Amino acid sequence: MQVGNARASKTEAGGSIMCYTGTTMARDISRHTTRTVFAFVILVGLLSFAVTYNALFSVAFILLCMGVYVLSYHLELGFYVMIALSMMTGWQLNLADYYGIFRDYPALLSINAPVADFWVVFLLVAFSLQYFRQWIAGKRQSIVTPGLLLYAFFLLSALVSLVNIPVVERGEGINYLFRFLVFLYVGYIVLGVNICRDKQTLLNGLKILAGVGVFAAIMGIVSLPLGLWTVGGFTRAVPFGILGWSPFGNVHILIAEVLTTTLPIAVFFYVQSEKKNKTAWAISAALMLITAVLTLSRAAILTIGVEACLLAYLFRKKIKWERFVAQFSWVLGLLAIPMFYAAYFILTNPTVEASQDARSHLTGIAIYLFREHPFIGQGVGSFLARLAEVDLFRLEFGDPLEAHGVVQKILAEQGLFGLVTFSVFVGYIFWRLYQRYQQEQYSIEARMLSLLGFFLVLSPAVFQLFNTQYYSSKMWIPIMLAMAQFTIYKTDKKHGKVFHSDRKPIVAEV
């Protein structure tokens, strides 16, 4: 028996040693392969210097490769940076400003995009490198693609619409298709949900987004005494540049969109946070709300109104309204003055009438273009080109503007096929989130985060009915955070509690 046990022990030990050796070898192979690839990239950079004699480009290329390599080991950090940059679409990077680096590559000099999009590309390459490294090591990898089939139909509608674009412009349509429609799904949604795989990463991302909202609100409040936008005696909250840095641009609606998106996050963390943190979150939410109203943006006020009405409806049987009014009377009092101010501005200021006139003309032109090709539209990305052909609009309003509303945009460019497929995709996201919120077998944590996700989709969706940022990170990064829950809370038994206990959330007791 002892001999047999000894042999068995040796066999088990041998198997363990072989297993350990195999794992170690796979790890060594992975490291060796990664280093080989990295060295190859550096070699390519050096060769590019030898061929082009452009030292600046070669140095920039090598530094970029080194950054990608380091970032591939810290994808969560890159994810947080992506979240922070997503609302700062006013921060643009124009490669033409770096002519000394890209002078030998004229195609690159025409690239101009938000810093957030450059970072997404950077992070996407780092993610691909990390995926390749894990694959070489023999580790099973899966790529989550939420709603891919439904979104593929929307892409198909864009592809089909290309037939209506003149041949000389078709290349621009194809470029638009990949630059915006494909990029937003691969770069914002797929990349984001595959990095954000656990609860803590999701919560950290939400807090970062809320922090950006607080920053935007403070900037808006500071702009008021500075009088950066004053017309007819009215002053509105607007973003502004800091030493040449303009993260939110310089138009009121750009900051309003940030505030309406991040407001639900501040409310959520107020509800779930410990008592010592509630005051900070309450002040943050109130600051966002008041600043959003003081932007005097009709889209912002309407979006907040829709959110408030829906929240009140969902909790109509649970909210104790007398206690709610008593507890938040200070917020209601502070809000009454800016609401009256905004209402008076909207009803009396001539700039509002001029803005509404431009919107009406854009909507009328979009409907006209839709009627010409109702099923597949004029062609993806073609609205500006078609609008430029309307001389009367240019004479009255100046340079062509994008369609002020995602519905008008898709109807004109992709017709009913595009609008239906886009609506089905967004509706699917709403349905998944609302379904999880309603299902009692999920924990309070999963249900309330799903409700927050619902509002993270609702806010930009409503706002983009009146704006032009429908294919930007401002709309789709919050939606990505909502969709990340599909995987994280597929089964939430393995995760801890967000709330104080597993009882009903505090918002139900207000």
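Here the Cβ of each residue, glycine as well, is placed from N, Cα and C on the backbone.
Because TrEMBL annotations are produced automatically, they should be read as predictions rather than curated entries.
As the structure is a computational prediction, the values presented were derived from the model and not from experiment.
Summarising the annotation, TrEMBL assigns domain 'O-antigen ligase-related' to 284-422. Residues or ranges marked as transmembrane segment in TrEMBL: 37-70, 77-93, 105-127, 148-168, 174-196, 208-231, 251-271, 278-294, 328-347, 416-434, 446-465.
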At a Cβ cut-off of 8 Å, and with pairs 6 or more apart in sequence only, do we get at least 3 pairs between the transmembrane segment (148-168) and the transmembrane segment (208-231), yes or no?
no
The transmembrane segment (416-434): which same-chain residues, six or more beyond its ends, come within Cβ distance under 8 Å?
147, 150-151, 153-154, 156-158, 160-161, 374-377, 380, 406-407, 410, 450-451, 453-454, 457-458, 461, 479, 482-483, 485-486
Of the listed stretches (77-93, 105-127, 174-196, 251-271, 328-347), which one yields the highest count of Cβ-Cβ distances below 8 Å with the transmembrane segment (208-231)?
251-271
Given a Cβ distance threshold of under 8 angstroms, which distant residues of the chain, six or more beyond its ends, lie next to the transmembrane segment (446-465)?
202, 206, 256-257, 260-261, 263-265, 268, 271-272, 299-300, 302-303, 306-307, 310-311, 314, 405-407, 426, 429-430, 433-434, 436-440, 474-476, 478-479, 481-483, 485, 489, 492, 498-499, 505
Sort the residues of the domain 'O-antigen ligase-related' (284-422) into helix, strand and coil with DSSP and give the three counts.
108 helix, 0 strand, 31 coil
Stretch contact, the transmembrane segment (174-196) with the transmembrane segment (77-93), Cβ-Cβ under 8 Å, 3+ pairs:
yes
Taking a Cβ cut-off under 8 Å, which residues six or more beyond the ends of the transmembrane segment (278-294) line up next to it in the same chain?
210, 213-214, 216-218, 220-221, 224, 236-237, 255-256, 259-260, 262-263, 266-267, 269-270, 300-301, 304, 331, 334-335, 338-339, 341-342
